[in-house]
Amino acid sequence: MEVERVQDISSSSLRTEAIPLEFIRSEKEQPAITTFRGPTPAIPVVDLSDPDEESVRRAVVKASEEWGLFQVVNHGIPTELIRRLQDVGRKFFELPSSEKESVAKPEDSKDIEGYGTKLQKDPEGKKAWVDHLFHRIWPPSCVNYRFWPKNPPEYREVNEEYAVHVKKLSETLLGILSDGLGLKRDALKEGLGGEMAEYMMKINYYPPCPRPDLALGVPAHTDLSGITLLVPNEVPGLQVFKDDHWFDAEYIPSAVIVHIGDQILRLSNGRYKNVLHRTTVDKEKTRMSWPVFLEPPREKIVGPLPELTGDDNPPKFKPFAFKD
């Protein structure tokens with residue numbers, strides 16, 4: 001069965017200035033109605049090059065407890081590498097459909113790797129205004145190059161270089177978060193599977209939408225990951241839910257946006273918050289983002305770390321395998 005890609009729907013919709021019914025969200029979700037219009041609180045920004053390690057730790061821990069989200073600057077990933085990552089991703093989505101379909105997710109696949117459109121089943125049958133590409137980038141034993149674009153030719157080299165940097169940054173952040181819980185620095189890394197933890201790259205492609213007031217790029221969700229490290233392009237769209245409101249996230253060039261995911265919520269026994277977020281779309285411009293999800297291996301049992309629970313702080317979550 002041929003799947004209709006949002007990129008193609010966008011081209012025809014821009015001519016008619018209307019979008020198919022299944023993309024129109026209910027009033028309780030429509031961005032025009034639900035986005036907060038007053039003064040927006042600033043999402044925390046942490047400078048990882050600050051020599052005062054205690055101040056960095058406090059900022060990361062506070063943001064993770066209160067927001068479940070923060071942006072890091074001077075994070076060690078070269079700006080030029082981020083630019084190249086975005087360049088090869090954009091070039092892939094600008095290829096003819098037949099080339100993109102060569103790395104499509106197989107219809108019978110139980111995994112999410114590959115080029116695709118629809119992810120989760122919406123209870124109201126609604127669709128998200130996004131196409132995507134998923135593939136693992138680390139560890140090497142999990143990488144399946146069948147889902148890595150051959151075009152542009154430098155795609156593989158750039159993603160492999162990015163994987164090394166993103167792993168280093170994620171381990172720095174997990175160390176700070178472990179420290180903030182009063183644990184040894186590798187506690188959360190080990191809780192997520194240690195060296196067997198998997199890094200899943202996703203490219204989100206949100207083409208122009210004639211009715212950005214009615215549609216969503218991705219509806220409200222928390223990430224299933226431990227943490228997510230995301231770089232967006234310059235078109236805004238990320239929104240965060242806090243204090244019963246949807247707030248726009250400010251775009252900071254070359255910052256990395258860090259989301260606390262469901263598994264860190266569980267490992268920290270609820271101390272760190274998993275952030276509820278969604279994505280809006282733009283009428284004229286294509287928004288893109290490159291999240292990398294740090295996830296436990298499928299069989300890894302994840303539950304509150306035993307050092308954090310006791311008579312005065314019982315476990316808030318049952319341990320279960322990540323695949324479940």
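Any Cβ shown, glycine's included, is placed from N, Cα and C.
Database features, via TrEMBL:
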type: DOMAIN; residues: 196-296; note: domain 'Fe2OG dioxygenase'
type: REGION; residues: 99-118; note: region 'Disordered'
type: REGION; residues: 303-324; note: region 'Disordered'
Could you count the residues of the region 'Disordered' (99-118) that DSSP puts in helix, in strand and in coil? 3 helix, 4 strand, 13 coil
Confidence summary for the domain 'Fe2OG dioxygenase' (196-296), mean pLDDT rounded: 97
Using DSSP, how many residues in the domain 'Fe2OG dioxygenase' (196-296) fall into helix, strand and coil? 7 helix, 45 strand, 49 coil
Quick check on the region 'Disordered' (303-324): DSSP residue counts for helix, strand, coil, in that order please. 3 helix, 4 strand, 15 coil
